[in-house]
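Only one structure is covered here, and it is reproduced in the block below.
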């Protein structure tokens, strides 16, 4: 005997469980309840206490039970034999059916004269003989119908009852893990116990459960605590969501992190010297190889200053590349705003400032073209102060560096300032982990297939790594750095061009490296399938229609607005009025203002910042309309200022009036007019299209010009009022407050349908 429960031991020594527990407490042995297990040495101490030997008593009791059962079985067998003999004797007195039956009955009589020892053997031989006879006859015979009470002529063997041997249970595990929940059966399997035992423990805890019932975390912990088993809940991470991999970088141990180069974006107005500045930094002629001297794509380059590196993204400054500039601002640590000293702040300079502020990226102002006689840096500083960029010399926090990109003056100072800001920002990454980052640009090359320029933001990217990029996947076949040389690996903040993807990703997509190609393939295929099903489902753009819904769900903390008007004075008045809107939970933030038409640049900025565009006395141009439809940007056009304020305030409070859309349901041609006193002019009409209904609105059209719009007064057919008249039928129509109807007029019927807000 190894272990025994308290209540089992109490039963063996004819004691109550309470008495045994009291005896154990006197022996300084702590037990929780009657289900507790007792070790062998504890049982020995209890035996001495109670002066009993439980194991021997159990053995004697088992022997007595077996002897009693065998005696009762013997008596039962004797009575069965006696009854069978009587039945067989009565069976012989029945008339003979055929020789086969006669032989069977005679065999049975002879069997009765033999001892009980050979009864079973004889019975089996008889059955075999019967089967052999049937086989000799070609299977044409039939089995003899069993005698009543004989049960087919087969005798059941008396069962010998043996004492059950207890099955040794497996040892309890030290620790179990689960995800969210476990059923009773699953928990029992993990604990190496029977489900009935778990159900019993749950019942003792006041929980009624079935074998397939799911148990929550608290119930699992209580059961495991009773067994002394440690519990750990596993949290499953959706590896197909690439953003979760970026969130995990925040949980890395500080000891694993090392300093990384800063990623810098150069922004500014057209021809203010962005590419020339980068050209001076790299000492290469990038501008000479570009069409028209304007950068045609996002280029990523890395330069060395002393013993440290700096990564530059040359974001195009032309208005047609506003979207690319918005993407570039999202992956950078620092923005260099290039402003020409002889030109000052221009519209695209303001847009660049707004992009950087929206991305919460620090700005260093590089005042370029200082070598020109007309250079006026004080004017530049004054204009930038109006946009929130106050120089350090004037008590602000913005660093201003005067440079001449063409002559290379001030470049060293600019690089020192970049490294200084980067040092303050404590830019770090873990180079020992699997790489992740962002796509800067991608294209399909005829010779190399899918080519993507990647910026590694964390970890180290190596040749041969299985990679998932956006909704595509592959294996890094080759890597080329910004100097055109092949490399085998790229660390944090390093731009590289890779090949080996099965499709062309989109610029701005995230990329993550996985441990094996199988996982990368599964994740890539899953993401591609979900993208197809959702039809490139993106984050829902905020509109005035869904603003309150997003506020209710806690998705909106700030309402970004872009305000455009016909004159600058109106812009300032609208901006001031909009900033005064006070609704609990959401702040109004105006990220860009300007005088003039709504352009494609405004739509691009709104898409990048999830903003609403408000136009006052201005309209979007063709390109802006198309871009707004593609990006899902909400444009609101108004001519009265207070209506703008009222609409936005009501949207924030969820009180927007429903939208209605006009739907033309039919037309009728006036073929005869009848003037009736006290009624007016009745138009005898013929419905040519659709139908005319009693509750529809109507407009009278004469020579393709609308001369009146109102409501129907009466609609009749043969003096009877009707609800509607369909196409091909004649009717009489009178219009409220309008009698100037002439033959040949067209009466157009329409209804106003409420449009469901999306």
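Backbone N, Cα and C atoms are what each Cβ position is placed from, and that goes for glycine too.
Remember, it's a predicted structure, so these values are computed and weren't measured experimentally.
As annotated in Swiss-Prot, region 'G3' covers the listed stretch 314-317 rather than the other ranges in 310-313, 314-317, 318-321, 322-325. The region 'G4' annotation in Swiss-Prot falls on one of the ranges 356-359, 360-363, 364-367, 368-371, namely 368-371. Of all ranges given (283-287, 288-292, 293-297), Swiss-Prot attaches the label region 'G2' to 293-297. Swiss-Prot assigns the feature region 'G1' to residues 268-275, out of the candidate ranges 260-267, 268-275, 300-307. The binding-site residues considered are 268, 271, 274, 370; of these, 271 has the fewest other C-beta atoms within 10 angstroms of its C-beta. Under the three-state DSSP scheme, residue 370 (GTP binding site) falls in the coil class. Listed by sequence, the residues of this chain that lie at least six past the ends of the region 'G4' (368-371) yet keep a Cβ under 8 A from its Cβ atoms are 272-273, 276-277, 338-343, 377, 402-407, 409-410.
Secondary structure of the region 'G1' (268-275), assigned with DSSP and counted as helix (H, G, I), strand (E, B) and coil, comes to 2 helix, 1 strand, 5 coil.
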